[in-house]
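Asks: Below is the structure I would like to discuss, written out as structure tokens.
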């Protein structure tokens, strides 16, 4: 039935407050306003960033909210002035938009479009209001996406139109985790052929980093995790050797120094632990080693090292969404997946129905899943 211009009633997973399980409720999704698009979400991954907000440690976290930012679906209707997509198009919502106009979009050095940053951070659409209501209460948006809902409304600049033949239960992962890790290696670090790399944290993002290092032609890729159940799967993504830091009485810096003759060319922290970030930098090769921070640390945490580490030629960098300019890159990444240039299926360890969403969070916290993907319409 055509609901263009009218509100849609559907099911969504609502976070009413921090530290409480999500609750599946009927919500009303308003039609898209000017420059907005309403999307029928078919699949969504569950990411640590969703948990970060749910646990109440995100300073921008506001409740009640519909979480989820790793989704894929079909355009249901478009607001006034929208030209880049039409109803029926296959799309991936983007938490890093690309407006093509702000000074960030015009600068090739960054992918951090700022056009709707302020309102997105406040959980509202660019006009300052929300499109979700539940039981008469306004419900906030999350990261400009809110994919834990059968329908969502996003800004046109936050949408990648992708190949309609793509398997949406796989390419939804390009909305966050896989693009983030893969691009950290290819774009931010610009890993070189024949180099040695080390990756801390072998979840979906760390494994995607390894996949990027392999694509760049790295000679050795060392995977570091205290959960050894991740080691076997790591081999699929190109990791050549594994280190469990708990098995050594010396620092991981020393262990890697001995393994690589002085240090590693490229290191990646995919956990969000500031102590590990320091270890990753200090494991870098003197004179040219580069360390990339990919993990999100808790609010207010600070990094430290001795300036001598940088004076002697190490570089410390950070990355968001893998440095990919989102609307330009995500459609190409989908094509790369379809042309077997990058893996996605191997990241999906669990497929769950929407009503089992809290189970997906439990699996993630226990370290039992790489990525759980939800089938959104029941």
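Yeah, the Cβs are placed from backbone N, Cα and C, and that goes for glycine too.
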Asks: According to Swiss-Prot, 69, 176 bind Zn(2+) 1; which one of 47, 99 is listed for that same site?
Replies: 47
Asks: Any idea what DSSP makes of residue 105 (Zn(2+) 2 binding site), helix, strand or coil?
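Replies: For residue 105 (Zn(2+) 2 binding site) - judged by DSSP and reduced to three states - the answer is coil.
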Asks: Give me the count of other Cβ atoms within 10 A of the Cβ belonging to residue 102 (Zn(2+) 2 binding site).
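Replies: Residue 102 (Zn(2+) 2 binding site) is surrounded by 17 other Cβ atoms within 10 Å.
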Asks: In sequence order, which same-chain residues at least six apart have a C-beta under 8 angstroms from residue 69 (Zn(2+) 1 binding site)?
Replies: 47, 49, 50, 93, 95, 142, 143, 144, 145, 146, 147, 175, 176
Asks: Of 47, 105, 176, the binding-site residues given in the record, which has the fewest other CB atoms within 10 A of its CB?
Replies: 105
Asks: For the C-alpha pair, I'd like the distance in angstrom between residue 105 (Zn(2+) 2 binding site) and residue 117 (site 'Important for FDH activity and activation by fatty acids'), rounded off.
Replies: 13
Asks: Report the same-chain neighbours of residue 113 (Zn(2+) 2 binding site): residues 6+ apart in sequence with Cβ closer than 8 Å to its Cβ, ordered by sequence.
Replies: 96, 97, 98, 99, 102, 104, 105, 157, 326
